[in-house]
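Everything below concerns the one structure shown next.
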Amino acid sequence: MSDAPVDANSTCVGPKSEQAGKASSCEGCPSQLLCASGEGRKEDPAVNQIKDAMRIVKHKFLVLSGKGGVGKSTFSSQLALALSLNDKIISKARQGQAAMDEDEDEDMNVTQVGVLDIDLCGPSIPRMFGLESQQLHQSNLGWSPAYYKDNLAVVSIGFMLPNADDPVIWRGPKKNGLIKQFLRDVYWGDSLDYLVIDTPPGTSDEHITVVQYLREADLDGAIVITTPQDVSCADVRRELSFCKKVNIPVIGVVENMSGFVCPNCKNETKIFKPSKSGGGEKLAEQFGVPFLGRIPLDPRVMNACENGKSIIEEMPDSPASQALLEIVQKVKNQTNHLHQNKTF
Ligand SMILES: Nc1ncnc2c1ncn2[C@@H]1O[C@H](COP(=O)(O)OP(=O)(O)OP(=O)(O)O)[C@@H](O)[C@H]1O
């Protein structure tokens with residue numbers, strides 16, 4: 001796939017179209033061969049089953065990154081934790097204050113959040129929530145997720161492995177089969193406000209499968225994570241091109257590990273060589289998509305994640321938490337906006 005930004009009009013004609021796989025906009029699309037073969041026109045019953053299963057989910061979005069190790073799973077878990085906090089905790093955190101116990105207990109504006117980890121070969125989500133020992137259970141309603149707390153449910157292949165370190169060495173069809181089951185057969189409860197889907201780095205089988213199934217099921221779009229270095233930004237260009245090719249809206253770009261904030265003196269040091277391309281913000285501008293913000297590198301972020309904690313609750317006054325609060329608000333605004341202006 002070319003690195004150059006694609007024409008905004010160069011969008012997917014849809015797998016059911018007679019032009020599928022043949023239109024000029026199909027050139028370079030990862031699904032081109034599949035669409036051209038006519039497979040996409042064959043009715044896959046799972047598409048409608050997933051559409052039905054996803055009716056209870058108000059907002060669903062993918063978290064993408066071009067490279068591994070840029071903080072995609074960290075962001076997915078911290079975003080989900082932040083979305084699950086009540087308004088009182090959020091408003092205190094905005095003032096840099098931690099909430100009191102009674103704030104946490106208060107049963108107000110409970111937002112139901114789900115996290116689906118489709119990074120099948122490198123599932124780190126169970127660890128990010130401190131849920132490594134959990135398992136998925138079957139019930140007559142479907143697969144029951146593991147619960148971080150009442151309003152935050154998590155599903156990952158990590159809960160199905162006998163040992164956390166067991167490798168998953170699967171070819172495409174097997175991965176696709178499990179993703180289909182996750183999307184169709186998990187019982188998330190009566191309703192979910194947000195489903196955050198953590199993906200592997202790059203654009204591979206997992207991405208194509210999830211997009212094919214969720215495109216019909218009101219997928220809000222994708223959040224793309226990068227670090228400031230040129231090498232990460234180049235890969236993110238491919239992610240943004242992928243979104244355009246498969247016709248999914250980009251909710252925005254997040255730049256992670258943008259400078260190091262010293263926990264003692266609070267001074268910020270740009271530890272990565274400034275990007276020639278201008279980093280995430282320039283990239284977002286180039287593609288005409290929103291830039292959601294920058295999260296600095298902070299060792300306390302890593303500690304909080306390794307202990308399955310929300311940075312907003314643990315260290316509300318930190319620049320990383322304040323940046324995340326801003327980003328969460330923009331994600332809420334963007335997803336509401338995209339829903340109101342749905343074009344597909
Ligand atoms: N802003 C940050 N400050 C400090 N540490 C961070 C920050 N963001 C991520 N990290 C740390 O960087 C490491 C990699 O993060 P993470 O596992 O989220 O990356 P990833 O992009 O999901 O990687 P992969 O796709 O390979 O699974 C983790 O140890 C995480 O705690």
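Using the three backbone atoms N, Cα and C, a Cβ is placed for every residue, glycine included.
Caution: TrEMBL annotation is automatic and unverified by curators.
As recorded in TrEMBL, the features of this protein are as follows:
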- 1-27: region 'Disordered' (REGION)
- Cys12, Cys26, Cys29, Cys35: [4Fe-4S] cluster 1 binding site (BINDING)
- Gly66, Lys67, Gly68, Gly69, Val70, Gly71, Lys72, Ser73: ATP binding site (BINDING)
- Cys262, Cys265: [4Fe-4S] cluster 2 binding site (BINDING)
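Following the DSSP three-state reduction, the secondary structure of Ser73 (ATP binding site) is helix. Ranked by Cα separation from Cys26 ([4Fe-4S] cluster 1 binding site), the binding-site residues Gly66, Gly68, Lys72 are led by Gly66. For ligand 1, the nearby binding-site residues are Gly69, Val70, Gly71, Lys72; that is, of Cys26, Gly69, Val70, Gly71, Lys72, these have a C-beta under 6 Å from one of its atoms. With a cut-off of 8 Å between CB atoms and residues at least 6 apart in sequence, the same chain places Pro15, Ala20, Gly21, Cys26, Cys29 near Cys35 ([4Fe-4S] cluster 1 binding site), listed in sequence order.
Of all the binding-site residues listed here (Cys12, Cys26, Cys29, Cys262, Cys265), the one with the fewest other CB atoms within 10 A of its own CB is Cys265. Same-chain residues with CB within 8 A of the center of the Gly66, Lys67, Gly68, Gly69, Val70, Gly71, Lys72, Ser73 CB atoms, the ATP site residues themselves not counted, are Ser65, Pro201, Ile225, Thr227, Ser232.
For the recorded [4Fe-4S] cluster 1 site, residues Cys12, Cys26, Cys29, Cys35 set the reference point as the centre of their Cβ atoms, and the other residues of that chain within 8 Å of it by Cβ are Val13, Pro15, Ala20, Gly21, Ala23, Ser25, Ser31, Gln32, Lys245, Val246. With respect to their backbone Cα atoms, Val70 (ATP binding site) and Cys265 ([4Fe-4S] cluster 2 binding site) stand 25 Å from each other. The most densely surrounded of the binding-site residues Gly66, Gly69, Gly71 is Gly66 (count of other Cβ atoms within 10 A of its Cβ).
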